[in-house]
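Annotated features in TrEMBL:
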type     : residues : note
TRANSMEM : 12-32    : transmembrane segment
DOMAIN   : 13-352   : domain 'Acyltransferase 3'
TRANSMEM : 52-71    : transmembrane segment
TRANSMEM : 92-119   : transmembrane segment
TRANSMEM : 188-207  : transmembrane segment
TRANSMEM : 219-240  : transmembrane segment
TRANSMEM : 268-284  : transmembrane segment
TRANSMEM : 296-322  : transmembrane segment
TRANSMEM : 334-356  : transmembrane segment
Amino acid sequence: MPSVSIEKSSPILSLTGIRGIAAFWVVLFHLQEGIPSWPTSQWLHGSALLRNGFRGVDLFFILSGFIMMHVHARDFSSIAAGKLRSFALMRIFRIYPASFAASILILILVLALPSYVIWMRAYYETIHTEAYTAKAFIQSLTLSSRWLGHDYGMWNPVTWSLSVELFAYTSLPVLASLLGRTKSPARCLIFSAGSLTVMILLLLVLGDRNGATTSRLGLVRGFGGFAAGIGMCRFVSLVVWNEKIPPRIASGSVLLIGLLSLHPRAGILMPFPFATLIASLSYQRGIIDAFLRTRIVLFLGKISFSLYLTHLTLFAVLEWLFQSAILTYTVPAMFAALAVYLVVAIGLSAALYQFVERPFHRIGHRLARNTRFIETDSIPVIHDVIETSGTRSTA
């Protein structure tokens, strides 16, 4: 029977698509979490699948580790200062510009609408009393909220995961070097499964029974998922499958994700099928891979980072603007309001991607090439491939 292995020299477009689906899942989670007061929203707020949308961040962490290993495995076969410097440049120019732009947009909003700031501090009294302070702004700009001993309040809440991911990047050179030396697929699989198992056990022992923490325990989520992604990438690089197996694994992974979402406590196990889904998609076979490579899903994948950065603040602003009208919304009016929100969110994200993400991403790669880190025959960086083919931490 025909066999298939991961094609190291070709773009894995379905991994762009799944990033878009994960980002949209997070958006829907925040929507259902933020509108329980809407009189017609009970069905949306009660959706088991949407309640687990925050787990899209765990998928981001695993996907980020997988992609980083796919791109940089050869670069870190040995660890050198030049390679570390070039890797740091690429990641800084990949993450900071869009996050910086989002923080500045929020700064303009805060300065222009002081009544919105007052509303946010009152509406979310228990968790956002320090919302929009100068210290929170600095932490947002530096993405350091999970590095230091104190969280100085909310600015752009979703940046907690970027702070975690930047920290997780420090493990890549060592893990890529160590795993790159093994020729045993079983060891790589055990490493990935062990990383996720330790992550879940630590979360449970430390009091997070749902795996939803965004506090400093988020570092556990980030490192566990990132390490698992690295291990899964090395695993698939060593394995040749019958071509029918990866699509079956992908379908089984999606089915298991759906089943785990039905139980409020079972969702903490979702990182396992996330990892197998990402690994199976890397073989680029089957109906799920084909769906994730469709034009609209790839578009969501392109703008996913910007969408993730902007969607929550935008929703809060719209909720503040129409807070009195919301109480009288009918079902059609609620759907119309959500549709308008999604159109605005996607439009803003597309603009941020086009005018901030892409230019600075190219600058980062140009600087990295100047350090002679990226060779002409190196494995293509997936984000670059996305841009040239017309098709985004976690990653």
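Every residue, even glycine, has its Cβ placed from backbone N, Cα and C.
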Residues sitting near the transmembrane segment (12-32): Cβ under 8 Å, six or more positions beyond its termini, same chain?
41, 44-45, 47, 50-57, 59-60, 63, 66-67, 70, 158, 277-278, 281-282, 284, 288-289, 291-294, 297-305, 307-308, 311-312, 315, 338, 341-342, 345, 382, 385-386, 389, 391-392, 394-395
Under 8 angstroms for C-beta pairs, at least 3 of them, ignoring pairs fewer than 6 apart in sequence. Is the transmembrane segment (52-71) in contact with the transmembrane segment (296-322) by that rule?
no
For the transmembrane segment (268-284) against the transmembrane segment (188-207), do we get 3 or more Cβ-Cβ pairs below 8 Å once near-sequence pairs (under 6 apart) are dropped?
yes
The transmembrane segment (219-240): which same-chain residues, six or more beyond its ends, come within Cβ distance under 8 Å?
3-6, 8, 57-70, 73, 146, 161, 164-165, 167-168, 171-172, 175-176, 179-180, 182-185, 188-189, 191-193, 195-196, 198-200, 202-203, 206, 211, 213, 271, 274-276, 278-279, 282-283, 393, 395
Grab the pLDDT values for the domain 'Acyltransferase 3' (13-352) and give me their mean, rounded.
90
May I ask for the residues of the chain that lie six or more residues beyond the transmembrane segment (334-356) and have a Cβ under 8 Å from a Cβ within it?
27, 31, 38, 40-41, 97-98, 101-102, 302-303, 305-307, 309-311, 314-315, 318, 322, 326
